[in-house]
Amino acid sequence: MAYTQTATTSALLDTVRGNNTLVNDLAKRRLYDTAVDEFNARDRRPKVNFSKVISEEQTLIATRAYPEFQITFYNTQNAVHSLAGGLRSLELEYLMMQIPYGSLTYDIGGNFASHLFKGRAYVHCCMPNLDVRDIMRHEGQKDSIELYLSRLERGNKVVPNFQKEAFDRYAETPDEVVCHSTFQTCTHQQVENTGRVYAIALHSIYDIPADEFGAALLRKNVHVCYAAFHFSENLLLEDSHVNLDEINACFSRDGDKLTFSFASESTLNYCHSYSNILKYVCKTYFPASNREVYMKEFLVTRVNTWFCKFSRIDTFLLYKGVAHKGVNSEQFYSAMEDAWHYKKTLAMCNSERILLEDSSSVNYWFPKMRDMVIVPLFDISLDTSKRTRKEVLVSKDFVFTVLNHIRTYQAKALTYSNVLSFVESIRSRVIINGVTARSEWDVDKSLLQSLSMTFFLHTKLAVLKDELLISKFSLGPKSVSQHVWDEISLAFGNAFPSIKERLLNRKLIKVSGDALEIRVPDLYVTFHDRLVTEYKTSVDMPVLDIRKRMEETEVMYNALSELSVLKESDKFDVDVFSRMCQTLEVDPMTAAKVIVAVMSNESGLTLTFEQPTEANVALALKDSEKASEGALVVTSRDVEEPSMKGSMARGELQLAGLSGDQPESSYTRNEEIESLEQFHMATASSLIRKQMSSIVYTGPIKVQQMKNFIDSLVASLSAAVSNLVKILKDTAAIDLETRQKFGVLDVATKRWLIKPLAKNHAWGVIETHARKYHVALLEYDEHGVVTCDSWRRVAVSSESMVYSDMAKLRTLRRLLRDGEPHVSSAKVVLVDGVPGCGKTKEILSKVNFEEDLILVPGKQAAEMIKRRANASGIIQATRDNVRTVDSFIMNYGKGTRCQFKRLFIDEGLMLHTGCVNFLVSMSLCEIAYVYGDTQQIPYINRVSGFPYPAHFAKIEVDEVETRRTTLRCPADITHYLNRRYEGYVMCTSSVKKSVSQEMVSGAAMINPVSKPLNGKVLTFTQSDKEALLSRGYTDVHTVHEVQGETYADVSLVRLTPTPVSIIAGDSPHVLVALSRHTQTLKYYTVVMDPLVSIIRDLEKLSSYLLDMYKVDAGTQXQLQVDSVFKGSNLFVAAPKTGDISDMQFYYDKCLPGNSTMLNNYDAVTMRLTDISLNVKDCILDFSKSVAAPKDPIKPLIPMVRTAAEMPRQTGLLENLVAMIKRNFNSPELSGIIDIENTASLVVDKFFDSYLLKEKRKPNKNVSLFCRESLNRWLEKQEQVTIGQLADFDFVDLPAVDQYRHMIKAQPKQKLDTSIQSEYPALQTIVYHSKKINAIFGPLFSELTRQMLESIDSSKFLFFTRKTPAQIEDFFGDLDSHVPMDILELDISKYDKSQNEFHCAVEYEIWRRLGLEDFLGEVWKQGHRKTTLKDYTAGIKTCLWYQRKSGDVTTFIGNTVIIAACLASMLPMEKIIKGAFCGDDSLLYFPKGCEFPDIQHTANLMWNFEAKLFRKQYGYFCGRYVIHHDRGCIVYYDPLKLISKLGAKHIKDWDHLEEFRRSLCDVANSLNNCAYYTQLDDAVSEVHKTAPPGSFVYKSLVKYLSDKVLFRSLFIDGSC
């Protein structure tokens, strides 16, 4: 073992010394491979030939500047400015490298010959002749092409293939290659180009005005433009001459004229505008239109050349969130933009941003200017006194090194000679550790004397200024000023005899008699400051006159804002709207509100057209007489003989009026349709409707749905007749698929020209010999169809098998009263159940066949229900009480019974909502149960072009019940159902995995022989179904046909390879297909589709996960033990133990990660960094954007680390963020509500549920507004409030719709981990003035007092000014032995979710309590459309409704609303106890009560984002309500208490003591440790990670009860 270690050590030492040959060979090989790879990579770079003669140093410059190219230097051509000319080729190639090859490119002022030589046929050059130099250059390029071609010809060569396309294009259409127009006026357009367009500008951008550049790029549809130009930082100094040493060129500036030339050459100079170049350097945005701008971004600087790119930006993506594309979208937003411009001062004109306002950007793009400052140098002529001034760039470190050193000189040593000596010494050398080294500052030696003078003057004047500030007195016979002059003369001696003259002329000093004033000038300015100054003085900012049309544009802007909420607002013709308002003299805001109400279906009518075009609106506004012209009629007959064969068409009946869109008086008819025979021999043209439905539907939503249903029947009949007429007109041109649906009989030959699949059609369309078309009811004999002599052909179809539509139209027409359908008052309950939840089983268990009715959509379902109901042998279900929907409507009134107690509609959501409303009305029932599945296949509109608005598809119900346990579906399908349904879906099936899939190579592979299919065969489409039936499969149906059915095994087949829209991840057809089986499902498909992906995901699920969805029903027994004592809490004093670390540990376990958040400077970070906010309409005063500085107060520092934040400083940004997150973030969830009627019903339930029966009517003998009520209100107010009312005379009402806005400085702590990912917004306070509160405060205080006295206090607690002890007394009589459901309704954004409906409910409550009508109306208008003003932050906005957080009714109003909301949704007659406080509620119900879908009702009716929780212990107002066998105890939330101990707003020790006392008051019950175990259970129910916390509860008691010990939780922040 020792030998092995020795050998290993020796080998390692040899390797380290380099003696190991194997390792050495491997290293050499590695080095060789690396070198080869590197050379190969370099060889793949683009190759550029550099033919001009340049020096070796210039060769190195070019190579280092452009490492992207492999440059070959030939040095075979002498030329002027050789380096610059050669670099121009490299610059061109570098720019073209940025552009995708083959994309249309515009070379602005470019060299078209270079592109031809490179074979770039996709480049167009704009080469305007702006001076004679340009003409000469263009001719030179043509000569180079001729020279190249002549060389090829001389050598008998042809143009290479890569150049041929470009040269052919130049020879055939030279204008496509080059034009002599400026880029702004170029007319070239390459029509065949479909990709993005690019542009380059190589040293040509100087000649394009910067203000026109963006528009010119947009006109050419340029996506990105790459540019290169010469520039030098020194141009921003006061120097008139700047050298570009690397390319031996120079800039000369004379005013705005900037000349570029090459040194020591006689070539012509280039002249440009200095201000124009400065714009390209400094500006970031170049506007192209009112929507798009080009944003400049610098890329790189190489050899005095700056490269940048201009990218096209769509600003609508920034402001709107999505890009709106439409026919008239540009017009709409243009109008919005115009209104904005007039409304806001210089809205976008002054928004021009200078990129270089950021110092870091200046240092990056001007690297030579980093740490450099501009220092002035002065000079003056002794003869003429003419002053001169120039500036130089000097290292900032050099300047302060000199100043700091010479400021230490004594007065006698501070001479110009000493300063010059020091400056010269540190410039020439520096001594480091006794060794002389070269100076780090490379300052021009010719400037040292002038710089020394500047340093000396600055230091001398600074010293004198300090002395003058101290000594303002005379010294002997000389004044102070005289002493100063003596000192200066003594310092300079005879070298500068006119120092005084110089100082006076430079205005460095001022002399007035004997008084001397010295002003020390700024020694330097930074390059960044000079750059901004030069730009602002050189560029005139645009000015816009905003005074004209202010009032008109304000109104139009508000109207357009109102219209912008429409879904298709970008397609609304704004110009027509504006002209309409002007012509008709209509207020635009009124017109806009009407349009929004109509288009949003909030006006009591529905417009069915898809687009709000002028034609559609005009049709909707036609009067009834004009609308009836050309309408559809049904001709009836006079019965001349018993047979229908000789019927003739006489008289008219208006079918269009069936929908109720025209009054009864407009009908033209001989008689009512009393039988189907009156359809016989009706002309086909009378039944074919060009207008599918009414344009306008009026009335309640149920009435509109019923009218739409009648119109759908008319449209279906019209479509069927129209198709039959088409078949008769062109029988020979029918394709194979159409032949399967139709039949055509030739009457003369009695032969079917097209044989129908079915027989015995009920009706058809006949063609007479006169080529007239009529509808005929068909009769049959032993020879077939009975015909007339005048008939030529008869056409039938699958739609004419029964009289369905005709019979239903006849029945529904009888039900109309004055053209309006009757709406039943019966209660409608929607039972929403998942597939297989037992809806049919539930119907059979509930139904009483003697008095109830069951309706189903299809015959199979009806027979199945009859079979199951009569399975016991007793016939209960008959044709009278179990019927199909069509049968019930068609044969209405013919049965033995016409009235039923309850109606059960199975799969009711597959029906037209209007049909459901008719069924409820026709059955005369008291309550109707509509069973369905909101996620499965809904009603499908089969008539193309018939309008079925989205809000018509939503059934109107009074109550919703959910069923979320499936008895059919296996566990894997249950997992899929949980993704589609809200709530937890469970199953009872023992089958876990049931689905599989098989990819079939082609449709022909599926046949009964080679591919027998197991179980029920289903398809998605009718075509696939017919294909399978034709191949020999039996019992095949579509998914839509078997909705509601159950099968053990299912084979699902797809033969169609083309995309099918109903096969999608969220398609209801897929849901139905997956949920029909109980054992297995196999999917056979010819293509990959979303269903394959779903099945593959389900196949991968683990059995452990699937076990979670299993429900086992069992019997549970509860052991009950009665206690000896009841009525009082057992008290056990809590021991005072524990430490600070206990509280920290508990907090970290409950809210992990919160204590690690360093959020002390979050507010500062938000103010200093860029922020993007989505703001609704508001007015901002940016003069308030910088808050007034305040003396910082250092608060006490908590020892317990929590998520508490520092107090925020009120300001524009902070207040705006709070307003956006609070007031501007209100949800919009509610459906269509009849506000007044619904509010009245809700208030009825409120009074019935909460108020004592004898006190439900107001006491009219008590005055609400009297001296006593005012005095009671004043007793509760502070002296400051009363003082504000000193000048109020109570004569007139202030503006009740005006509110003030403010924020709370301290953010509210949340007991979750959201602080780790979001910036918590402050709570907003919106409040009235004290004058308004003085009027309505006493009034609502009295109303509140009367209401609370009327509440049934034995069952309900309205938590207003109640103590924890009173809460314990209220819940103290709960019987813990009685099983209870404890419910909590959690509502987010409670205040901001309240809308017009909530206001209507609250006002109705106050009205019934006795609120006077006038004051009630004033208060109502003051809460409708309100104006908010934040004077501190400079914000003004308008809000509709919403609860005002600082209102006199804020607390009691919120309490009343939450109570009314729960009363409308829950059975309050069963409640045991209920408590309400603001948005908090706690309800105790008996175990097992059925509750509706609270979330659904809260969303649609109350606009609340609500969740209903079932708890073991209640949580109310930050307290845990622990009920036990002796009563009830209320514990303050210990986690909330610990969170407060991390407060960072405690000012001083006195404030801390007040804080401790307030905590002691609320946490007093923690002193009783008898129920700590129940408290642990309650906390763990809310916070899953909370450990048992008795140790921390005792620690809290210990610190809260000891004043001195409590101080140890904080330390002094000022130390």
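In case you wondered, yes, glycine gets a Cβ from its N, Cα and C as well.
Here is what Swiss-Prot says about this protein:
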- 72-281: domain 'Alphavirus-like MT' (DOMAIN)
- 801-963: domain '(+)RNA virus helicase ATP-binding' (DOMAIN)
- GLY833, VAL834, PRO835, GLY836, CYS837, GLY838, LYS839, THR840: ribonucleoside 5'-triphosphate binding site (BINDING)
- 964-1116: domain '(+)RNA virus helicase C-terminal' (DOMAIN)
- 1380-1493: domain 'RdRp catalytic' (DOMAIN)
Other residues, Cβ within 8 Å of GLY833, VAL834, PRO835, GLY836, CYS837, GLY838, LYS839, THR840 Cβ centroid (ribonucleoside 5'-triphosphate site): ASP933, ARG963, THR966, LEU967, ARG968
Neighbour tally for VAL834 (ribonucleoside 5'-triphosphate binding site), based on other Cβ positions within 10 Å of its Cβ: 31
Three-state secondary structure, THR840 (ribonucleoside 5'-triphosphate binding site) (per DSSP): helix
Coarse DSSP state, helix versus strand versus coil, of GLY833 (ribonucleoside 5'-triphosphate binding site): strand
Cβ neighbours within the same chain of GLY838 (ribonucleoside 5'-triphosphate binding site) - under 8 Å, at least six residues apart: ARG963, LEU967
The domain 'RdRp catalytic' (1380-1493): DSSP-derived helix, strand, coil residue counts: 42 helix, 34 strand, 38 coil
Other CB atoms, at most 10 A from the CB of GLY836 (ribonucleoside 5'-triphosphate binding site): 26
Neighbour-count leader, CB within 10 A, binding-site residues: GLY833, PRO835: PRO835
Integer mean pLDDT for the domain 'Alphavirus-like MT' (72-281): 84
For LYS839 (ribonucleoside 5'-triphosphate binding site), nearby residues of its own chain (Cβ under 8 Å, 6 or more apart in sequence): VAL831, GLY833, ASP906, TYR931, ARG963, GLY1044
Cβ neighbours of THR840 (ribonucleoside 5'-triphosphate binding site) where a neighbour is any other Cβ within 10 Å: 22
